[in-house]
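In what follows, a single structure is set out as C-alpha cells and then discussed.
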Amino acid sequence: MKVARSKWTILIANILVPISILVFSSGFFPYKTLLTGFATHEHTIGGQIPPGVFDKVLLLQADFHASDFVYSQHSGFLFTQRLGGGFLIRSGAALPFTAYASAPTVTMPRLKAITTGSVPSFLDVILNIAEADTSSTLMHQDTWLAQLKAKGGKLVMYGDDTWLKLFPGMFHRADGTTSFFVSDFTEVDNNVTRHIPNELLQDDWSAFIMHYLGLDHIGHKAGPNSPYMITKQHEMDSVVSMVYTALEQEKHLKTTLFVLCGDHGMNEAGNHGGSSVGETSPALLFISPKFQRLETRNDSPTEEFSDLQYYHTVEQTDITPTLAGLLGLPIPLNSLGVFIPELLAMWDHGAKSIPLTSSSGPHRIHMLLENAKQLLGAVKGSFPSYSFEFDLMPVICSSQSLIDIERVQCAWFRVLETLNGSGANHDSEASSEIESALLLFLRNAQKLMSSAASDYDLIRLYVGLSISGFAISLTFFPAKRLLVNFAPAGMFLGFSILSYSTMMFASSYVEEEQQFWYWISMGWVVYLHVKYAGHFHGNSIQKSGPANGHWPFEPSLPWFGAAALAVSYRVLRRWNQTGQKFAAQPDITGSFFPSHQHTLWALLSLAASDSPELLGNSFLQPVAMLTDGMHLLYHARMVLCGISLLMIYSLYAGKARETTHKGRGKWPPSTIFHETLTLFLLMQSKVTNIPAFLVFRVQITILASMRLSTVEQTITSLLMQYVTFYAFGGSNAISSVDISNAYNGIGTYSVFIVGALTFISNWAAPIWWVSASRLLRSSQNREEKEAHVTILTLHMATILMSVMAACTTLRTHLFIWTVFSPKYLYTIAWAMINHIVVNVLGEIDWRLFMKR
C-alpha cells in the first residue's frame, strides 16, 4: 500500500510541475496593454502638420546586419562606403547610425520595434519560432505601414515571411520565404533580388520592403567570421548600388527614402537573442541624394570600436517616428521612439514666420511637438495617477531627489514654460531652446517607458510558486527516505540543490551557470574516486552487475579510472566556451578544430558521402548508386526512415523477448535502441560536437565498471545531463539556441516538428545520457526505477521553484528581461521536455518495451 501511495504521489507531483509553469507564466508574461486606434494629425499642437520630405520608402532589412559589417575597414560594403571617386557616407548621401536593439534580439520582436516604435513583449521569443501563430499579428495595431495604407498607399514585400505573419493581407504584392532554413545561404536572397529590377520600375507602391536572410544564416551555421560572410556582404552591397542608382536615375523615385538597417546583430558564436554588444548593435543608414544638401560629412570607413557603437547611437524604436515624420504621417500611438535629431535639418531651422503658438512656425519644432505630445499620451496611459498640469510644477520640481516619472513631469513643464515664454520671439535662439527642452522631455519619457516594469499578475505568480512548492512537498519525504539510506550521496545531492537554488538570485551566477555544474561534477568524481578506488576491476560489465549485459563493451580498467574520468570532464569543459565572461576564450570547437580540420574530418569521415568511389564493390555500392543525384532532402529522409525502423524494431523485439522469455544475446534490443538513438543525435548535433560522443563513451564505460548504488546512478545521470548541455555550447541566453539542424529532412514548415528538432539538437547530449544511464541501470528493479524518478522530480521541482522565486523577487531588476527571463524559459524546457518527456515518460516507455 505504501509503495502504491508513493507511486501516485510522484505522479501527482509531475502533473503539478507543468500546471505551476502555466499559471506562473500567465502572470509573468502577460500581453501588454496598448493604446487602441490609429493616430491622426488632429492632435498636433496648433494644428500644424509638418510636411513630408519623402513620399515613398524603400526598406532594405538585412537579418544580422551588425554595425561593423558596414562601417569598419574590413567591411564588404564597398559601394556603400565609396561612391565614384568619393564616399557615399562622406558625401552626405547616407547618414549612418548604430541602432541599439534591446533584448530579445530575435527577428519578430525587433520588427515590432521598428514598425510600431514600442518595446516588444519577451513572449515574442517563443512566437518567433511558431511561424503559424497568429496571436502576434500587428494587423490591428498602429504602425507606420498601417498609416501608409490608410493614406492610400500600396505596400510590397519580398523576403522573410515574418512580415506576412505580422501584417496579413496588408501587402499588395509579396513573396515570403521562411527564415528557419538556415542551411540555405543563396536561394533565400536570390528570391528577393530577382524582384528588385521590376519593382524599381513600378510607381504604384509607397513602401517597398526587402528582408534578406543570407547573412543571418551564414552566422548561424559558421559564425560571424565565416569566409562566406565577406562574399555575402559584397552581394548586399551590390543591391545597395542597384537601388541607389535607381534613386538617381528614375524620376518617380526622386522623393524616395532608402533605409538600410539590421534587425539585430550576432554574438561570436553566431547566434542572437541575448544582450551582448554584438547582438544589440545593428547598422542603420538613411540614404537619399537629398541628404547631400545637409552637407553632413562623416569619415568612412572608420576605425573599429570594440563596443561597435559607430557614429551616433540611437534607439531602434527611433526609426518609427523618424520615418513617420519624413513621410508626413502621424506617429503611431504606442511608439516610444524619438525623432532622430540629425534628420530635423531636412526642415528649415531658421524659418521665421509667426509665433509658435499659432498654426504655423518652424516645421522642425512642430515635428518634435507632435512627437512629444504622442509620447506624453503614452506616459499618461501608463501612469494615470500623475498629473501634467503646469500649475504643479513649483511643487514637484523643487525637490532635490526625483523619481523617473517626476523627471518626466518636470521636463514637460520645462517645455510648456519655454513655449509660453517664447511668445512672438521666434528667432533661432528661441527655436534652439525649445528644441533642447523637447528633446530632453522625449529622452526622459523614452527612458521611463522603456524601463517601466511589466504589469505582472502577482496573484498568479504566487499561485504558481505555491503549486511548485506543493510538488516539492509531495516528493520530499519519499526522496528523503531514499537519500537517508545513502547518506554521503544524499548529502551531496542536498548540498547541490541548496547551492543551486541560492545561486538563482544572482544574475552573474545565472549567466555563468555552467561553472556550477563543472565544479559540482568534479566534486562528484572525487567522491566516486574516494569510495570506489578499490572497486575497479577487470571483469566484464555483465559480471559487475549494473549493465547486466546490456552494454556492448567489456572494458578492463585499472584503478586510475577515476583519474581518466576527471580528465574527460576537463576535456568537455573546454569543448565549448559558453556563458558571458569566458565566451570569447579559446575552446576546442572554436580554436582547435578550425586550425586542425584534418583531425575533425578524420573523426567524421563519411566515405559514402564524400568519396563514393572508395566504396568499390562493397555492399554499400548499390546504395550509393541509388542515391546518386538525389536531392539532399531525400538523403536525410532516408536516413531518418532507417533510424526509425531500427527504433521500432528494438522496441518490438524487446517486447517479444519479454513475452517469449528468450535469453539475452550480445546485442539486446535495449542496446540496439540506444545505438540507433545515438545515430539520430549525431545527425542533430553540430559537426564540431560529434567527436564529444566518443568522450561520452569513455565516461560511461568507466562508470559502468563501478558498483554504483541506485542514488549514485541517478545523481550521475543528472549531473551528466547538465554538464554535457553546457559542454555542447548551451547557456541561459536565448542567443545560444542553435537552429542550424531544426530543418533536417523537412521540406515544409511545421511548428511541432521544427520545435521538436530544435529541442533535440540543443539537448542532444542530455538525451544521450538519459538513454545511456538506462543501460547503466538496466539491472534495477521496479522500486529502484521509481526511486530514480522520485529523486529527479524532487530536483526539478526545487529548481523550478527557485527560478520562479528569483523572477518574482527580482521582477523590477535591471536584468529581469536579459538574464532572469531567459533563464526561466530554459527552466521550462528542462522541466516540461527534458524532465517530463525524456526522463519520466521515457522511463515508462522503457519499462513497457524493454525487458528489465
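Just so it is clear, glycine is given a Cβ too, placed from its N, Cα and C backbone atoms.
In Swiss-Prot, the transmembrane segment annotation falls on 676-696 of the listed ranges 550-570, 676-696. Within the set of glycosylation sites (Asn191, Asn576), the lowest number of other Cβ atoms found within 10 Å of a Cβ is recorded at Asn191. Between the alpha carbons (Cα) of Asn420 (N-linked glycosylation site) and Asn191 (N-linked glycosylation site) lies a span of roughly 56 Å. The 10 Å shell around the Cβ of Asn420 (N-linked glycosylation site) contains 11 further Cβ atoms across the protein chains shown. Recorded residues Asn191 (N-linked glycosylation site) and Asn576 (N-linked glycosylation site) have their alpha carbons 35 Å apart, per Cα-Cα distance. Asn576 (N-linked glycosylation site) carries neither a helix nor a strand DSSP state and counts as coil. Using a Cβ-Cβ cut-off under 8 Å and counting only residues 6 or more beyond its ends in the same chain, the transmembrane segment (486-506) has close neighbours at 513, 516, 520, 523-524, 527, 531, 709-712, 715, 791, 794-795, 798-799, 801-803, 805-806, 809-810, 823.
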